[in-house]
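J.: What Swiss-Prot records for this protein is below:
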BINDING   Thr10, Gly11, Ser12, Ile13, Asn39, Asn125, Glu127, Gly216  NADPH binding site
BINDING   Lys126, Ser152, Glu153, Ser187, His210, Ser223, Asn228, Lys229, Glu232  1-deoxy-D-xylulose 5-phosphate binding site
BINDING   Asp151, Glu153, Glu232  Mn(2+) binding site
Amino acid sequence: MKKITILGSTGSIGKNTLKIISNNLDKFSVYSLVAYGNNINVLISQCIKYKPNYVCIMNKKKLLDLKQGLLKNKCKTSVLFGSNDICNLSSSKEVDIVISATVGLSGIFFLFSAIKSGKKILLANKEILVSCGHFFMKQVEKYKSIIIPIDSEHNAIFQSLPLDFQKKLGIASINKYGIYKLILTGSGGPFRNVELRDLKKVSPDQACNHPNWKMGKKISIDSATMMNKGFEYIVAKWLFNVCKDQIELIIHHQSIIHSMIRYIDGTVIANMSLPDMQSSISYGLGYPKRIKIKNKYLDFYKNNKLTFESIDYNRYPCLNLAIQASYNGQGATTVLNSANEISVSAFLSKKIYFTDIAIINKKVLDKLDIFEPSSIEEILLLDSKARNLAKKFIKCY
């Protein structure tokens with residue numbers, strides 16, 4: 001029986017993880033649930049159903065509501081609060097697997113606590129690798145943690161790698177394993193056929209209406225701008241130790257092929273399934289074995305048209321910014337991630353237009369005095385400066 005801590009249990013990844021656990025109660029139990037605390041009713045329901053030992057939130061204003069809700073339902077889960085307690089839950093000797101599904105840099109110290117404890121970590125949070133990939137991979141190597149990416153694209157690549165390579169993420173050279181290129185696929189988002197002149201008018205609701213995936217609002221907007229694909233590009237560099245000429249990006253509308261590996265003998269290994277996050281999460285939970293989940297099997301007769309297109313980079317300026325930043329150092333990717341969080345939040349609040357997201361991100365990259373961070377503290381300092389500058393630009397709108 002593997003005990004699990006879920007960082008971000010009320011989000012999309014957290015909810016899907018719990019569904020898988022529900023169908024595999026002979027294999028997994030929930031040790032602790034962690035959430036910021038905005039969706040208290042959801043968190044209370046999760047505690048009642050899964051009976052974790054602990055639940056912990058960051059939002060102090062919701063602490064009383066959480067305690068009263070659990071008491072009312074006679075739930076014996078212990079309530080904790082704050083960063084220190086979350087770090088302790090992430091590093092507890094009782095825990096076998098940590099699911100890292102927080103948004104942005106908010107979970108950076110929790111994740112590093114898990115790494116230092118040598119945990120098996122299922123990583124859904126791309127932003128942390130975007131902002132501190134160098135430090136992240138060094139810590140993983142030092143403490144011998146097991147990292148399994150569970151976003152669909154990196155998980156697809158991971159599954160297609162030789163077993164020995166899987167155990168050496170961030171260190172192994174793809175050349176030694178006969179790999180020519182990694183191919184990241186992307187649907188192109190909900191606006192792939194919208195006229196460029198009309199993109200300014202699109203609403204947050206339209207941007208969140210992804211054609212293939214059900215996701216949270218932030219990642220849905222990132223998918224619409226293809227910043228998400230840009231972040232995946234950056235993460236692939238760190239996880240799989242590849243350079244510019246070893247990553248290829250392709251538009252694949254159907255999201256059936258999640259990513260591919262092109263080998264030096266001309267063969268291509270592709271990972272295919274219906275677009276459902278439970279596939280990659282279940283792979284991570286069961287690794288190195290596979291576990292059965294209540295998921296639909298891919299029907300090749302119903303899904304018999306798979307298309308591929310080159311990317312129109314004029315349509316996706318955020319993707320361009322991410323690729324450029326990835327070769328300008330850790331500081332640049334940290335700044336881009338931070339600026340993007342603020343600009344996406346402003347768009348969701350209808351303070352700026354959809355097309356302003358890329359404009360603000362570029363302004364912050366151009367105007368901020370970016371330095372190469374040499375510690376987590378310096379990364380957080382750079383993060384703060386980028387956020388403040390982005391907010392300053394937004395006030396001008």
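Along the chain as shown, the residues are counted starting at 1.
Just so you know, glycine gets a Cβ as well, placed from its N, Cα and C.
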J.: Which binding-site residues (Asp151, Glu153, His210, Asn228) fall within 10 Å of Asn125 (NADPH binding site) by Cα distance?
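T.: Checking each Cα against Asn125 (NADPH binding site), the hits are Asp151.
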J.: To the nearest whole angstrom, state the Cα distance for the pair Glu232 (1-deoxy-D-xylulose 5-phosphate binding site) and Ile13 (NADPH binding site).
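T.: About 17 Å separate the Cα atoms of these two residues.
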J.: Based on Cα distances to Asp151 (Mn(2+) binding site), point out the closest of the binding-site residues Thr10, Lys126, His210, Asn228.
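T.: Checking each of Thr10, Lys126, His210, Asn228 against Asp151 (Mn(2+) binding site), the shortest Cα distance is to Lys126.
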J.: Would you mind listing, in sequence order, the residues at least six apart from Gly216 (NADPH binding site) in the same chain with a Cβ closer than 8 Å to its Cβ?
T.: Gly11, Ser12, Val103
J.: Within its own chain, what residues at least 6 apart in sequence put their Cβ under 8 Å from the Cβ of His210 (1-deoxy-D-xylulose 5-phosphate binding site), listed in sequence order?
T.: Ser187, Gly189, Pro190, Ser220, Ser223, Ala224
J.: Starting from the Cβ centroid of Asp151, Glu153, Glu232, which together make up the recorded Mn(2+) site, report each further residue of the same chain whose Cβ lies within 8 Å of that point, ordered by sequence.
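T.: Leaving out the recorded residues gives Lys126, Pro149, Ser152, His154, Asn155, Leu184, Asn228, Lys229, Phe231, Val235, Ala236, Ser259.
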J.: On a C-alpha basis, identify the one among Thr10, Ile13, Asn39 that is nearest to Lys126 (1-deoxy-D-xylulose 5-phosphate binding site); the candidates are the binding-site residues.
T.: Ile13
